[in-house]
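Enquirer: Okay, here's the structure, questions in a sec.
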Amino acid sequence: MELRQGSDVSPGPDGSAADPRSAELAAEQERLRLRYARLDEVRAETERALRATFGSHGTGTRQAAVEREVRADELARRLSQLSGVERGLCFGRIDLAGADGEAGETYYIGRIGLRDADHEPLLVDWRAPAAAPFYTATPARPRNLVRRRHLHTRDRRVLGLDDEVFDLDGLAESDRRGLVGEGALLAALRRERTGRMGDVVATIQAEQDRVIRSELPGALVVQGGPGTGKTVAALHRAAYLLYTHRRVLARRGVLVVGPNTTFLRYIGQVLPSLGETDVVLSTLGELFPGVAATRDEPDPETARVKGDARMADLLRHAVRGRQRAPRRGITAHVDDMTLHVPGEVCRRARDRGRALRRPHNAAHRTVAAELLTAFARDQARQLSRPLDDEDLRYARAALRQEESVRAALAEVWPLLTPQQLLTDLFADPGRLHRAARSAGLSREEERALLRPAGAEWTVADVPLLDEAAELLGEDDSAARAAARAAERLRRAEERYAQGVLEITGLAGRGFLDAAILAGRHRAPEAHLTTAERAAADRTWAYGHAIVDEAQELSAMAWRTVLRRVPTRSLTVVGDIAQTSSPAGARSWAQVLDPHLGGRWREERLTVNYRTPAEIMAVAADVLAEVAPDVEPPESVRDGGTPPRAVRVVEGALAAELPPVVAAESAAVGTGRLAVIAPAARLGELRRALPDAVFGAASDVLDSPVAVLTPVQAKGLEFDAVVVVDPAGIVAAAPQGGRDLYVAITRATRRLTVVHEGPLPPVLKRLADAD
Ligand SMILES: Nc1ncnc2c1ncn2[C@@H]1O[C@H](COP(=O)(O)OP(=O)(O)OP(=O)(O)O)[C@@H](O)[C@H]1O
């Protein structure tokens, strides 16, 4: 049996209480005061310790310096954690059933764990196993709980309590009285949107908790309709994993990939509020260091082709195409002399380069050495000079400096950057044709790839650049010798650091390990965080990756992401029904099986926390049309303003839209409003709504009125949404129906659809409501 009771009664100024509920509130207020007092104490102690660590000069030995650094690092991390939990420090309590008629234990659940001076637990961290029943107990499976209590607090004050009682007999008589209260969840969902996602530690639901606490290894797919909390659960999962697997993950970091920079700004504050710093947030367009692509491919067919897995083959052929053996040989002009290497020798050099089976640039040195030898021999022959090994080395080194020789070598085996490879490939119809034909692309597909040199990189180019970087590698012969020496040094330093950790008693405590510590003391990237080092390194291997809006990733994009997680420890978050990219997923198996061979598990989220039932009913009609086999999520809320359609006179949108937007804006007060329209109407809207902020602008989330395309709105939410020209949205892209579904499901409170012609039949429900 479950009984809900709530209380919003504040105690009197002196804490006196007239009835049992106020007495309970006053008691909780006192317990909360104790916990904040302890937080203040711990903060002050940590600050003092940190100051003392910085202030001490130690013995001046290297060991003393390392010890200080370890300690300061640990203290600084703790201090930043303690500072981040002031708001909503403690939000819950669980009362466990006792044995043999005895009262059971009570635990308070909070953003961090705290113990009193005697090491007794005052607060249990929400990520700790002991806190799990707070999230997972249900009347059917109470998990030994008698009661779960939510505490509503503000500025260190308890404003209200919300109880769920699982075992009435286990409760005191005074606790049994009281009104049924509104759940903590509904109170949280009713709040106005701020333009930034917040944490939901106080109200995580059982099906979300399963996602959050799912084990680290392997790939987990989280499939769920709009508003089911996929993003928020995935971010809490990052915090949970970093807490539970600190040793592995703090060193390797966690990568979170989101669809665009606006979305990353939207979710950017959730992780710091959860106390996590070892996370890299990145769009797909930023995954290749040195290129920050934000532009989408203008032609959907080009996007589709660039995302196709055959592009990997095409690029392999493109690289092979740059390894040539001109039949006439190669020629260089040095000191009034014409030097020649015959075609036969070029072919041998090229074949030897290929036989190495190393990345193109890494094999360059071998090929170049062979050709330089041939040039040097020809030079000696023409000068009638003998050539012993010493002379040959000298002659090769001298020839290598010659511009004309370098150009001749490049005819056979040029050193290439990924950018050069792609630029040359897409701008040269002959070159492109040879590679495309070998990879099995049609002439139309080939044409979709052609473009002039110097064009701006698009998001769809980034996986191609990354693939090219893999195929090209680097001319790393010098670097490899240096790396071997560095590796020897690193091992010695790690052995030393391990010794320091053992002496200081910090070994095995999970704050730092020998590798991190040794890394700190190595120039030049000493003192960079894991996240900073990882973001700058294309070949960084992350400990875990979370991919949000993952249905949009193309086959080539998956290759880029998976390259960064060799352990395949992944959280893949998305909704197949919201796919709008022409290269995106039609099913999870289709995109994941080629890489994971069926080794992935799926959790489904089924409850929509964002969109009220009336608006979701409109969205469900659209869903039935675009993805008939997908169940719409069930809204947790109903009531509120019925969605409506407003018909405007054809050609009069600019005049008739502003009053609609103004009225909606007034209705949500300080809340957020989005106008969602097809890209083709944005010009008109700019004139109609001069004060609104458009598209990818950095302040779009802070403006009261934002104007977005459905793709830009993906993952975001607004108190009120005005969908403009639904027929235009549907017609604008092959996946237009799914875009309309995305647009409608951004609303948390109000939906208005503004249309010129007749309403698309799929929105008939709105016409009926008029
Ligand atoms: N347990 C919860 N407690 C409070 N709020 C929640 C909870 N779960 C989800 N929400 C809220 O519901 C809204 C939708 O969550 P979220 O954006 O994570 O959904 P989503 O599944 O990623 O949606 P979409 O597919 O549309 O991007 C957010 O405002 C989020 O804070």
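Cβ coordinates come from backbone N, Cα and C, glycine included.
Taken from TrEMBL, the feature region 'Disordered' applies to 1-24. Annotation source TrEMBL lists domain 'UvrD-like helicase ATP-binding' at 203-612. Look at TrEMBL and you will find Gly224, Gly225, Pro226, Gly227, Thr228, Gly229, Lys230, Thr231 tagged as ATP binding site.
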Enquirer: Does anything in the same chain, at least 6 positions from Gly225 (ATP binding site), have a Cβ under 8 Å from its Cβ, and if so what?
Expert: Asp575, Ala577, Leu605, Thr606, Asn608, Leu623, Val630, Glu631, Pro632, Pro633, Thr745
Enquirer: Consider only the binding-site residues Gly224, Gly225, Thr231: which of them have a Cβ under 6 Å from an atom of ligand 1? Write none if no residue does.
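Expert: Listed by sequence, the hits are Gly224, Thr231.
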Enquirer: Could you list the residues of the same chain, at least six apart in sequence, whose Cβ is under 8 A from the Cβ of Gly229 (ATP binding site)?
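Expert: Residues satisfying the criterion: Val200, Gln205, Gln208, Leu605, Val607, Tyr609.
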Enquirer: Under 8 Å between C-beta atoms and at least six apart in sequence, can you list the same-chain neighbours of Thr228 (ATP binding site), or say none if there are none?
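Expert: The answer is Leu605, Thr606, Val607, Asn608, Tyr609, Pro633.
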Enquirer: Would you identify the secondary structure of Gly224 (ATP binding site) according to DSSP, in three states?
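Expert: Where Gly224 (ATP binding site) sits, the three-state DSSP reduction gives strand.
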Enquirer: Around the ATP site (Gly224, Gly225, Pro226, Gly227, Thr228, Gly229, Lys230, Thr231), what further same-chain residues have their C-beta within 8 angstroms of the site's C-beta centre?
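Expert: Residues close to the ATP site, other than Gly224, Gly225, Pro226, Gly227, Thr228, Gly229, Lys230, Thr231: Asp575, Leu605, Asn608, Tyr609, Arg610, Pro633.
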Enquirer: Give, as a single whole number between 0 and 100, the mean pLDDT over the domain 'UvrD-like helicase ATP-binding' (203-612).
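Expert: Residues in the domain 'UvrD-like helicase ATP-binding' (203-612) carry a mean pLDDT of 89 in this prediction.
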Enquirer: Which state, by DSSP, holds Gly229 (ATP binding site): helix, strand or coil?
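Expert: In three-state terms, Gly229 (ATP binding site) counts as coil.
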Enquirer: Please list residues from the chain of Gly227 (ATP binding site) whose Cβ is under 8 angstroms from its Cβ, counting only those at least six apart in sequence.
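Expert: Result: Asn608, Tyr609, Arg610, Thr611, Pro633, Ser635, Glu717, Thr745.
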Enquirer: Using a 10 Å radius around its CB, how many other CB atoms surround Pro226 (ATP binding site)?
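Expert: A 10 Å sphere around the Cβ of Pro226 (ATP binding site) contains 24 other Cβ atoms.
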